[in-house]
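For reference, the structure discussed in these notes is given below.
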Amino acid sequence: MTSKLLNEIVEKIRKELKGKGILACSGGTDSSVLAVASKLAVGDQILSIFVDTGLIREGERERVELFFKKFGINYKILDESKLFFEKLKGIVDPETKRKVIGQTFIELFEREAKLSEAEFLLQGTIAPDWIESGGKNRDTIKSHHNVGGLPEKMNLKLIEPLRDLYKDDVRELSEELGLNTSLQPFPGPGLAVRVIGEITGEKVEILKKVTRIVEEEIESSMKPENRPWQYFAVILPVRTTGVHGDKRSYGNTVAIRAIDSTDAMTGTFHKFEWDFLEELSTKITNEVPSVNRVVLDITDKPPATIEWE
Amino acid sequence: MKIYVVDNGGQWTHKEWKVLKKLGVDSEIVDNDINFEEIKDSDGWVLSGGAPSITNEIPKLGRISEILDKTSVPVFGICIGAQFMALHFKGEVRASPIPEFGKTKVNFFNQGGIFKEIPSEIVVWENHNDEILSISDDFKICSNSKNCKVQAFYSDKKSMFGVQFHPEVENTQYGTEMFKSFIEYCRR
């Protein structure tokens, strides 16, 4: 017996979708719930699309493809890392990064919509996204790309069935549908907002390795319910001196960000044990030699946001 | 029973609506520049937080003064909502010499109104660049912090209540209790 909430979502999709639709699926909790709900609602009438921007974590693409297969979802994977890196060349301002990425996503989806003759785009936008995107009175804290980045003249009709739901509502749906519920939230623009300053292939590769180490160390030492709401790394445009085996080095700095929250609206930085932090830092600097300094972000939200950009 | 949340653009306005829903009350978010007299079924008003500065961006607070002048039902002002109430009833507001963000300890004293059950010291969540210095004497100040003299005030007579901090986020202790007490006032 499906829950009232799931039925509402399924009905909304059936009511609003006319003809074919495409669905922006990042493999995160929100869009995955939407992809499975859409399969229940209208089967293969919707094509779920995962865009490999090159700004995603190690193994992300493989994980998402497994998810599509496991739930029998009609899917397509776009390999567009070259395009995104070109579009982001030389861009430093965070809001511009988000807008450029958002627009590139939309251009890709418009192209794919034409290919599959779909007029509708389904997106997993949930309540906190549209709050932070600045409405009439709200200050634009950060335009979440799946809302803020939408160019005005988008000729795809948008369906956002999760628009009034909070993270905890979506988690309930995720449990009901048998999805992996211990996925931490991952931003739409991906690692682009965790490379502070200009994005280069080299920095992204470093960040991917450090991110994997942070996730592995935390996920292997903590049960899902004890893990921070979000835990990740940020690579800073700061080089500092180091000494590697009696040789002077001039390496990269990464920051660890781990925050406790229930719905991302507020948060307190996670208080790790000192020994855990020392092991984590040593593992990072050993396995990623170009990083010779690891710092910890100890700022709550507010005044800081969870992500750095 | 319906309590309206008047939206001054705060990032947690949606949460104020959600807390009321969770406490079993019908609620609706309305913009702050509508004609409030058209709303006949309100049993209470929550004036949300928001980004405008009380010191020079009053126009962004639309027509909420009409609520304070004409309403006969309880009003609960949060952050800039409370600052506007203070200013409206001849109080003083200013830019905070020391703004407060995130976790903050506040003291409560001569507790009354919706704050009757609040202990003498709690942890709250702050997010403000401006503050209240004083408020007219038909209101009672009942909370302060090290850096901010007026953290909460109430008037039983007017059944109006104000808080500088954010009871709608779970990081604020006793925040839900304050909403519960406010709902009781709206039921009278």
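Cβ coordinates are placed from backbone N, Cα and C, and glycine is handled just like the others.
Annotated features, as they stand in TrEMBL:
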- A:1-186: domain 'GMPS ATP-PPase' (DOMAIN)
- A:Ser26, A:Gly27, A:Gly28, A:Thr29, A:Asp30, A:Ser31, A:Ser32: ATP binding site (BINDING)
Report task. Pop the mean pLDDT for the domain 'GMPS ATP-PPase' (A:1-186) in here, whole number is fine. Result -> 88
Query - Around the Cβ of A:Gly27 (ATP binding site), the count of other Cβ atoms that are within 10 Å - result: 22
Report task. For A:Ser32 (ATP binding site), just give me the three-state DSSP call. Result -> helix
Query raised in the report: Taking the Cβ of A:Ser31 (ATP binding site) as reference, which residues of that chain separated by at least 6 in sequence fall under 8 Å from it?
Result: A:Leu23, A:Ala24, A:Cys25, A:Gln123, A:Gly124
Report task. Enter the number of other CB atoms within 10 angstroms of the CB of A:Thr29 (ATP binding site). Result -> 23
**Report entry** Candidates A:Ser26, A:Ser32: member of the binding-site residues with the richest Cβ shell (10 Å)
**Finding:** A:Ser32
